Amino acid sequence: MAANRRESSPFASSSSGSNADDEGVRGTCEDASVCKRYAVSIGYWHDPYIEHLVRLSKERKAPEINRGYFARVQGVSQLTKAFLRKTECHCQILNLGAGMDTIFWNLKDEDLLPSKYFEVDFPAIVTRKLHNIKNKPALAKPIVELHSEDTLKMDGHMLDSKRYAIIGADLRELPQLEEKLKKCNMNTQLPTLVITECVLVYMTPEQSANLIKWAANSFETAMFINYEQVNMDDRFGQIMIENLWRRQCHLAGVETCKSLESQRERLLSNGWETASVVDMMEVYSRLPQAEVSRIESLEFLDEKELLEQLMHHYCLCWATRGGQDLGLKEIAC
Ligand SMILES: C[S@@+](CC[C@H](N)C(=O)[O-])C[C@H]1O[C@@H](n2cnc3c(N)ncnc32)[C@H](O)[C@@H]1O
């Protein structure tokens, strides 16, 4: 969440998926997952799986960063669960740019698994995650238990099982992405939730628009959840961009992160019928007050303004298409 963190970064003008700029983008996976692991380790939320995927940072993270991640994880989780309940789990989830995300394992524990859960990230990230899945029983067991056949389809960049698939692909290469998803039995007839949590900003506006359009056109009934930067036109946004530049990270998609309206407009002009966008301060204020009081007692936060400034520069967006009968339009966080 912070202005000087790489996650708020990346870049890449090429779509080859293997250039030097992409290395910076892949590095953001580490940034996000290490921050999540740290927040979990001091009690912000419960996630018994993240320790099997991410090392624990020795470096203390600032309270405003931890609260930011708390709001982000709660916000995405609330919208995801609302979709699962509306569809009674007869649906699929595509988590694009999933990094070391653990949503699949946590949903299984809550008996809220969709018919199938797909994760996509660069092949190098997928290889790393697969290594952990194969070697950590806590991660492997749920996948194997849910899989009725003897053997799982797996290579270095892909695993396909009955309820979970992880695929190495470049989100800017849509024909290959679609082909790989279809090989893993993505079902375009099922209500589908597409999640991009801090991912689109690493693509050019044209590339992210194409991905959003592809998602809208691929499924009759769908919902899109996007979390990323917003209000990047001010001094704070400028500092964030400059810090990232110094670390060879370019926010290729920052133009779309100008305002809540530019975020909403991108969804509406690329095939989505309804779109809502709120900044993370608003998300934070809508979270259950008992939970907020609990996490606020974990660490003392000296300067509230710092938290507000940070939260004002990130947003949660959700959009729907079809699904009138399911009541998808009524979903809100
Ligand atoms: C900031 S991390 C977020 C990870 C995860 N969504 C989370 O919130 O914890 C961004 C992720 O998007 C992935 N990513 C960005 N651009 C991508 C692309 N063109 N193709 C595949 N993955 C991409 C990165 O590799 C990284 O894992």
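Note that Cβ sites are derived from N, Cα and C of the backbone, with glycine treated the same way.
Model, not experiment: these values are computed from the prediction.
The S-adenosyl-L-methionine site recorded in TrEMBL includes Arg72, Asp170, Leu171, Glu197, and the single candidate from Gly43, Gly97 that the record places there is Gly97. Cβ-based neighbour count (10 Å, all protein chains) for Leu171 (S-adenosyl-L-methionine binding site) stands at 23. Around Asp170 (S-adenosyl-L-methionine binding site), taking its Cβ as the centre, 20 other Cβ atoms fall within 10 Å, counting all chains. When the binding-site residues Arg72, Gly97, Asp170 are checked against ligand 1, Gly97, Asp170 have a Cβ within less than 6 Å of one of its atoms. The Cβ of Gly97 (S-adenosyl-L-methionine binding site) lies under 8 Å from the Cβ of Val120, Asp121, Leu171, Thr196, Glu197, Cys198, Val199, Tyr202, each of these being in the same chain and 6 or more residues away along the sequence.
In the three-state DSSP classification, Gly97 (S-adenosyl-L-methionine binding site) falls within coil.
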